[in-house]
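**Student:** Encoded as structure tokens, here's the structure I'll be asking about.
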Amino acid sequence: MLYPRAIRLRFACKLTLASVLSLLLGFYFGLPMPRWSALTAALVAAAPAFAAGGEPFSGAIRYRGWLRIIGTVLGSLCALLLMMLLIRAPLLMILLCCLWAGVCTWLSSLVRMENSYALGLSGYTALIIVVSCLGEPQFILQLALERCGEIVLGIVCAVLVDTLLAPRSVKGEVDRVVGGMLLGQLRLLQCCVDGRDGDAIDRSWHRLIRESHTLEEMRASLALESSRWPRACRRLTALHTLSLTLITRACEIFLTQCQTPMALPAPFLALIAAPVDTPEEAYQRLKQLRRLLVAHGEHQLPPALIGWIGGASRLQLLVKGVASNVRIGRYEAATLAHDTAPRPLYSVQGHHALINGLRTWLATSLGALFWLWSGWSAGSGCMIMIAVVTSLAVRTPNPRMAAIDFLMGSLVALPVGALYYTLILPATQQSLVLLCLSLGALTFICGMAVQKRRLGSMGTLASTLNILALSNPMGFPIERFVDSAIGQMVGCLLALVVLLVVHDRSRARTGRALMRHLAFGAVAALRREGTRGNLLPALYRQLLLLLTLFPDDIGRYRLALTLIVLQQRLAHSALPCDAGRLRAIDAAATRLLSGGGSARCSGALLQLTTELGDYADCLARQGIASAVLQPLHQLADVLYRYRSVLLD
């Protein structure tokens, strides 16, 4: 087993070799700007390492590479289209490129974080190509093809080096997380049954939620890592939903215990409360719970406990299948077929995304107008850096710190780049080996710093490689270096100023939208089984976003968790279908979800609670048991009591 320092050294070597190999192949194939291939190889490998705080998994590097290829091709096509249509109106063409960058940033803020890189990249790629060909528009197609070729070459080198030199498979980490999943679920159940330590419940719940979503992210990396894992990926998809279901069941048992302390029989309480320390003990405890359930019978037991034991049994079966990756058997296939495909919900960050797009469009447009008005020689580089920083920084959890990272990197790149540009690179023109060694040393040092998430490390690597004249043939005019370095620094500074000046005050609006989506998900459980879909993963993703936006708001978190529990109880309840009333309930929930004005939302919420109450009264007149109707009454009561959280 390698020590952490050895792992960091291994990744730094792989990063260095990938950058040097892409540079050598760029010179060998006669590409005009081999620095783009070297920069691509460095960024594709270093960005996941910076995000992970260590050596990334092989699947993450390949996924990042595919996103970069898609974004580059999309941006190149947009640049070609704009150049063909507006070649006689350069000002309008550049402003439309700025608008395209803003639209791409807006769209990237609406998709999932791991997919947003392609859209953000396509925005500033179009701007780079158009600005580079502004003086010679007849070479636009050649430049677009060359840039795509250099990008693909850098990605191929990064993936090839990672594959050949000790690739880090995510399968071992998946097995570790999956192996301890049943133990974590059982400990959460123990905390919920005990119910005395609320902080322990919150910690255990939060850890399991994070593990479940981390497992879903690792599943995407595993799918790209090798063609050997399709069965494991299918099982992991079902495990993700099943883990969230067990968490919800445990929280439902906690609420049941709070309302009815004697709901669980004494034998179950004693068996659940007994300590467990290892996954093997958790497996044996699950077998004992199953035997006790068979001996006791399902009468006078909470449905949540019965569902938890059944779900834990299915989870243990899938865990064994993930570890062995054997062929899916008949019983396991039935378990997987029972799992409904997750159904996504619309993004609740529409206002936040609009502000992000506005920031990029405004910053790049002002930079373009100032460049064209002043004729500043470094204006093009400044405008491109504004687009790059605003497109990428706004999708990070802390955009201000991301912009500071770029600014620090551009400041450090000035003396480092000057040393390379004026002394080292001119002295290595007669020896390709010395050139590779000098650039490899720079990449190696940055690779070590990136894994430790040093402030400015990513920006230093990207900015230094960008300002060096790694072209074919190479030249070293000092004016070009000064323009490029100053343009980078001013662009990063202006991007930071825009992020600070254009405030994002969408936090409260996003919080209300999240609560409305959770309420809509709870009401959607009343739909017919074939139309409701599996909303549980989407609801928990929104709950995590709510915790990110309001980390100290325990009341809002409790309300959101209650809505998710009610959604599961309604989804598994045996309520008869009244098509007319369900359509009215669904229409009111849709009106509440769509928002509008305060009066419109208030009216929709009032109509929704009224319809839910009428539906419950109608079912009561039909002789439906009060225990079956309890979740329906609870949902109507929760929506009415907490209406101020859902409304403006």
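Even glycines carry a Cβ here, placed using N, Cα and C.
Residues or ranges marked as transmembrane segment in Swiss-Prot (evidence: sequence analysis): 11-31, 41-61, 65-87, 91-110, 125-145, 150-170, 369-389, 406-426, 430-450, 458-478, 481-501.
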**Student:** Are the transmembrane segment (481-501) and the transmembrane segment (41-61) close, by which I mean at least 3 Cβ pairs under 8 Å that are 6+ residues apart in sequence?
**Tutor:** no
**Student:** Report, as numbers and ranges, which residues of the same chain sit near the transmembrane segment (150-170): CB under 8 Å and 6 or more residues beyond its ends.
**Tutor:** 10, 13-14, 17-19, 21-22, 25-26, 29, 31, 33-34, 36-42, 44-45, 55-62, 65, 68-69, 72, 218, 221-222, 225
**Student:** Which residues of the chain, 6 or more past the ends of the transmembrane segment (458-478), have a CB below 8 A from one of its CBs?
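**Tutor:** Same-chain residues near the transmembrane segment (458-478) but 6 or more away: 19, 23, 26-27, 30-35, 38-39, 42-43, 46-47, 50, 405-410, 412-413, 416-417, 420-422, 425-426, 429, 442-443, 446-447, 449-450, 484-485, 488, 492.
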**Student:** Which of 41-61, 125-145, 430-450 has the most Cβ pairs closer than 8 Å to the transmembrane segment (11-31)?
**Tutor:** 430-450
**Student:** Which sequence positions outside the transmembrane segment (41-61), separated from its termini by at least 6 residues, show Cβ-Cβ distances below 8 Å to it?
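**Tutor:** Same-chain residues near the transmembrane segment (41-61) but 6 or more away: 4, 7-8, 10-11, 14-15, 18-19, 21-22, 68, 154-155, 157-159, 162-163, 167-170, 173, 218, 220-225, 443, 446-447, 450-453, 457-458, 461-462, 465.
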**Student:** Sort out the residues at least 6 away from either end of the transmembrane segment (125-145), same chain, that have Cβ-Cβ distances under 8 Å to it, and list them.
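**Tutor:** That would be 71-72, 74-76, 78-80, 82-83, 87, 90, 93-94, 97-98, 100-101, 364, 380, 383-384, 387.
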